[in-house]
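Engineer: What follows is a single structure, and I will ask about it in a moment.
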Amino acid sequence: MPATPSLKVVHELPACTLCAGPLEDAVTVPCGHTFCRLCLPALSQMGAQSSGKILLCPLCQEEEQAETPMAPVPLGPLGETYCEEHGEKIYFFCENDAEFLCVFCREGPTHQAHTVGFLDEAIQPYRDRLRSRLEALSMERDEIEDVKCREDQKLQVLLTQIESKKHQVETAFERLQQELEQQRCLLLARLRELEQQIWKERDEYITKVSEEVTRLGAQVKELEEKCQQPASELLQDVRVNQSRCEMKTFVSPEAISPDLVKKIRDFHRKILTLPEMMRMFSENLAHHLEIDSGVITLDPQTASRSLVLSEDRKSVRYTRQKKNLPDSPLRFDGLPAVLGFPGFSSGRHRWQVDVQLGDGGGCTVGVAGEGVRRKGEMGLSAEDGVWAVIISHQQCWASTSPGTDLPLSEIPRGVRVALDYEAGQVTLHNAQTQEPIFTFTASFSGKVFPFFAVWKKGSYLTLKG
């Protein structure tokens with residue numbers, strides 16, 4: 001927009017063009033000049049000219065029809081805008097040059113062919129546009145506030161969940177500590193019991209041995225005395241003395257009974273397993289916490305035309321009527337299969353799938369390599385880049401080469417898949433019974449993706465979580 005140098009704002013009282021003093025009870029005549037009311041002659045004093053007109057402005061001698069004289073217009077509040085060139089009040093606005101105009105500017109040659117209107121009229125379209133923009137901004141502000149409110153609610157829900165999980169973790173570890181403390185007390189009590197049994201049997205052993213030592217001491221003393229007797233006395237009871245002197249076999253008692261020794265050995269073996277049990281528990285806990293149970297969804301760009309995905313991309317079902325979908329090098333066209341998203345090139349990950357089979361239907365659940373064949377006939381084996389189990393109503397087998405029949409106690413209605421990329425393992429469990437289904441070992445290169453296939457009407461798979 002061009003600058004408007006003709007505009008100035010007067011902050012002092014404008015002067016009267018007749019008396020040159022400050023305006024008092026100012027009025028503006030139609031030509032635009034401003035005077036004090038007392039300085040402006042009365043209309044009757046100005047008189048009618050021969051032309052039938054009345055002089056309304058003593059300065060410029062502008063005339064108006066006598067029958068339609070214009071009354072003086074009161075001057076607006078002080079400090080209003082005046083033309084810098086003519087010193088007159090601004091009444092008009094030029095749309096072409098975007099300039100403010102006084103009466104003289106309006107009548108000048110520069111703006112004769114331009115669109116000129118009163119300020120109040122000229123400003124209206126701008127006010128309308130501003131109001132429209134204001135409404136749009138207000139709506140945008142309200143929408144942002146609504147979004148902020150919703151996000152704050154989500155945040156509050158998440159914080160509440162975190163607080164709940166913190167409580168669950170604390171409760172779980174408190175219970176674990178209580179259980180460990182209880183087991184510690186039981187083990188120590190058992191050890192004290194064994195210790196008491198040892199001391200008891202030791203006391204019994206010492207008592208028996210002491211009694212035997214005392215008996216033998218008395219016999220030794222008696223025999224020593226016999227040896228000092230004269231021959232006539234010694235021979236009197238020779239047979240009795242001989243029988244008493246015969247060696248009696250002393251059965252030495254065992255300090256610890258074999259039964260107690262067995263109990264101690266058995267308990268010792270249990271104690272030896274404690275460090276290993278603790279190590280395994282610690283490793284399993286760490287392994288469980290390291291596993292990424294992130295959200296898995298189905299990738300529509302890879303889905304066969306025979307599959308229908310749910311709006312949330314968590315469920316897939318088979319349809320006999322192939323869908324009209326754009327062709328893509330990523331899309332399966334030989335097998336009713338679909339990949340999950342995202343793919344993985346490191347770490348531990350797991351996901352769970354609910355299985356529902358229609359009459360004669362089946363499904364495949366596992367992982368597939370990034371380069372798995374997607375066009376034409378494809379194989380389902382580890383050699384083809386697929387590590388999965390194939391499930392039907394009657395049987396379940398692993399995609400090894402050749403396939404491995406899996407004699408399970410029941411056909412899984414849910415499968416939990418655990419991927420350990422660095423270890424090169426894909427482990428599948430029955431999600432309901434926790435029964436192991438199969439474990440693949442492989443050397444992965446590149447990304448691997450969750451892999452699903454389903455066939456026959458009425459068959460579908462649903463990702464959990």
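Glycine is treated like the rest: Cβ placed from N, Cα and C.
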Engineer: Under Swiss-Prot, the annotation zinc finger belongs to which of these stretches: 78-119, 414-455?
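Structural biologist: In Swiss-Prot, the zinc finger feature sits at 78-119.
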Engineer: Test of understanding: give the count of other CB atoms lying within 10 angstroms of the CB of His86 (Zn(2+) binding site).
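Structural biologist: There are 17 of them.
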Engineer: Name the secondary structure element type, per DSSP in three states, that contains Cys83 (Zn(2+) binding site).
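Structural biologist: Where Cys83 (Zn(2+) binding site) sits, the three-state DSSP reduction gives strand.
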Engineer: By a simple count, how many Cβ atoms lie within 10 Å of the Cβ of His111 (Zn(2+) binding site), its own Cβ left out?
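Structural biologist: I get 18 for this one.
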Engineer: Count the residues of the zinc finger (78-119) that DSSP assigns to helix (H, G, I), to strand (E, B) and to coil, and report the three numbers in that order.
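Structural biologist: Output for the zinc finger (78-119) reads 9 helix, 13 strand, 20 coil.
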